[in-house]
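Residues annotated as active site, proton donor in TrEMBL: Cys114. Per TrEMBL, FMN binding site is recorded for Pro31, Met32, Val33, Gln85, His184, Ala238, Arg239. Positions annotated as domain 'DUS-like FMN-binding' by TrEMBL: 29-292.
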Amino acid sequence: MIDDIRETKECQLKDPMDLFHSGQVVKICAPMVRYSKLAFRTLVRKYSCDLCYTPMIVAADFVRSAKARDSEFTTNKGDHPLIVQFAAKEAQVLCDAAHIICPFADGIDLNCGCPQRWAISEGYGACLINNPELVKDMVRHVRNQIDNPKFSISIKIRIHEDLKRTVDLCQKAEAAGVSWITVHGRSIEERHQPVHYDAIKIIKQSMSIPIVANGDIKTLKDAENVHHLTEADGIMVARGLLANPAMFAGYEETPFQCIQDWVDIALEHGTPFTCFHHHLMYMMERITSKQEKKVFNVLSSTSAVLDYLNDHYGL
């Protein structure tokens, strides 16, 4: 898919740091497995999302396999600013992935927050917060080897039980040249417990680079409250945007125009049916009855979904 954009890449790339210097809170679509792909990024950008991440990509596979590159990464000239998130545990492998991606994206992010067992058993994701020297080394290598000073290198982390360790990790990453840090305000063990926004505020006050707050933000009002609580420079949202891709534009629930936009964009991009359908299930969760869900959620073809939307909503 990289070849599709080779001709248009040069004039489209942006400096993501300009967003953080704008004086406005940066509104960010999180990296989401299966979901934060090109079609969905195109949709949320229509509704006031400033910055989008790709789903996490395993850097070693990306470097080794052209097939992996084609299946994992798709973009186009309107898909900017764009951050590609990688899972990596070796500095040179992350650098090699960054070299491949840098003509087509505006930065990379190192995943230091994924708590899934498979990731941690492979040495990826959240286990990296316990190895600050390795994180520092990976950031420094990318900073030293990528010539473009506008190309960002960020990290996304979880917090430690002992917050001093998290602050130490962040300060080491800052010294190595990290552009910004996204903090999911839970520890590796925590899943549905309340987010520690106070911890994000302490990290923010300990740093001179931008800090992005992440965790349990479902509405624009939530985003404003979290900004107030944490003083963060950016707000990253995952499930809240799945449920309402127009959230950042101030809509309380998904407007019908947004559903129509998703149908148009997904069909234009050739989005596989399962993904197309799942996004609609999330978007329509709050605006459909239990009975409607029972019918809609078991539809098994694009044409059946389109007929349903036409019959029930005139879309």
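Cβ atoms are placed via backbone N, Cα and C, with glycine included.
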His184 (FMN binding site) and Cys114 (active site, proton donor), Cα-Cα, nearest whole angstrom: 10
Neighbourhood of Pro31 (FMN binding site) by C-beta distance under 8 A, where only residues 6 or more apart in the same chain count: Tyr53, Thr54, Pro55, Met56, Ile83, Gln85, Asp109, Asn111, Lys156
Fewest other Cβ within 10 angstroms of its own Cβ, chosen from the binding-site residues His184, Arg239: Arg239
Cβ neighbour count (within 10 Å, all chains shown) around Gln85 (FMN binding site): 25
Least buried by Cβ count (within 10 Å) of the recorded positions Met32, Val33, Cys114, Ala238: Val33
PLDDT averaged over the residues of the domain 'DUS-like FMN-binding' (29-292): 97
Site extent for FMN, whole Å (max Cα pair distance, Pro31, Met32, Val33, Gln85, His184, Ala238, Arg239): 17
